[in-house]
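Enquirer: Have a look at the structure that comes next, please.
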Amino acid sequence: MEPEPEPEQEANKEEEKILSAAVRAKIERNRQRALMLRQARLACRPYPTGEGISTVKAPPKVIDSGGGFFIEEEEAEEQHVENVVRQPGPVLECDYLICEECGKDFMDSYLSNHFDLAVCDSCRDAEEKHKLITRTEAKQEYLLKDCDIDKREPVLKFILKKNPHNTHWGDMKLYLKAQVIKRSLEVWGSEEALEEAKEVRKDNRDKMKQKKFDKKVKELRRTVRSSLWKKEASGHQHEYGPEEHVEEDSYKKTCITCGYEMNYEKM
């Protein structure tokens, strides 16, 4: 009669089974990771290099420059530089981004690719929070200069889009409104300072408009007066009243309209 296994031995066997399964899973994960790293390295090699193949480079051609020295002619193959398009390697688990809105991991998204903003496509709010605005609006509404947009680090990211008003015009530059607001606060310091600057500019703009308006009114009045004076000077005809006796043979008539007096004598 065989002795029954002790409970302690059975527990050790179960632990060995669980441990072996965990080890096998870890080995499999390491193997998959090694394969992915190998694929990433291979993707960085656009052309395979064959073993045992050697190339013999011909001596460069020498050209007399006529100035007392010789120059070497570059080969056409050396002058032509091909643009090698390299496919990005696979995204590893450690390369995942964490969404600022929902906290979930994601590989890439519209906002992360174009504006370096870690927000997944599911959480993107194109109408409000992640709205895009034009460069003109960014300069007028948030009082940013070209240097604030293009020179100040980090340079604001943008996308190009066809102008909806006229396709023949240049492409529009669209910026992320949240990043524009952040840059505006960096420039002006606070929202209150920005609003004060807006009020000052508005007052100056209104003063300039009023000044231009007053100048136009003044010119218009001058033009009207000049035209009336010319009309009166060229088209007025005297309408004299009754004749008045002044002395002996002298008489006069007075214009009813302008008061001009005409003196004359009668023989």
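Numbers run from 1 along the shown chain.
Note: Cβ is positioned from N, Cα and C throughout, glycine not excepted.
Got these off Swiss-Prot a minute ago, pasting:
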- 25-46: motif 'Nuclear localization signal' (MOTIF)
- 99-123: zinc finger (ZN_FING)
- Cys99, Cys102, Cys120, Cys123: Zn(2+) binding site (BINDING)
Enquirer: Give the sequence-ordered list of residues that share a chain with Cys99 (Zn(2+) binding site), lie 6 or more positions from it, and have CB atoms under 8 Å from its CB.
Expert: Asp105, Phe106, Ala118, Val119, Cys120, Ser122, Cys123
Enquirer: Compile a sequence-ordered list of residues in the same chain as Cys102 (Zn(2+) binding site), six or more apart from it, whose Cβ lies below 8 A from its Cβ; state 'none' when nothing qualifies.
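Expert: For Cys102 (Zn(2+) binding site), the qualifying residues are Cys120, Ser122, Cys123.
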Enquirer: What mean pLDDT does the predicted model reach across the zinc finger (99-123)?
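Expert: Average per-residue pLDDT within the zinc finger (99-123): 91.
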Enquirer: If you count the other Cβ atoms within 10 Å of each Cβ, which of the binding-site residues Cys120, Cys123 comes out on top?
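Expert: Counting Cβ neighbours within 10 Å, the top one is Cys120.
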Enquirer: Take the zinc finger (99-123) and count its residues per DSSP category (helix H/G/I, strand E/B, coil), listing them in that order.
Expert: 9 helix, 2 strand, 14 coil
Enquirer: What other residues of the same chain, not counting Cys99, Cys102, Cys120, Cys123, have a CB atom within 8 A of the CB centroid of the Zn(2+) site?
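Expert: Once Cys99, Cys102, Cys120, Cys123 are set aside, the remaining close residues are Glu100, Glu101, Gly103, Lys104, Phe106, Val119, Asp121, Ser122.
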Enquirer: Going by DSSP assignments with H, G and I as helix and E and B as strand, what are the residue counts for the motif 'Nuclear localization signal' (25-46)?
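Expert: Secondary-structure composition of the motif 'Nuclear localization signal' (25-46): 19 helix, 0 strand, 3 coil.
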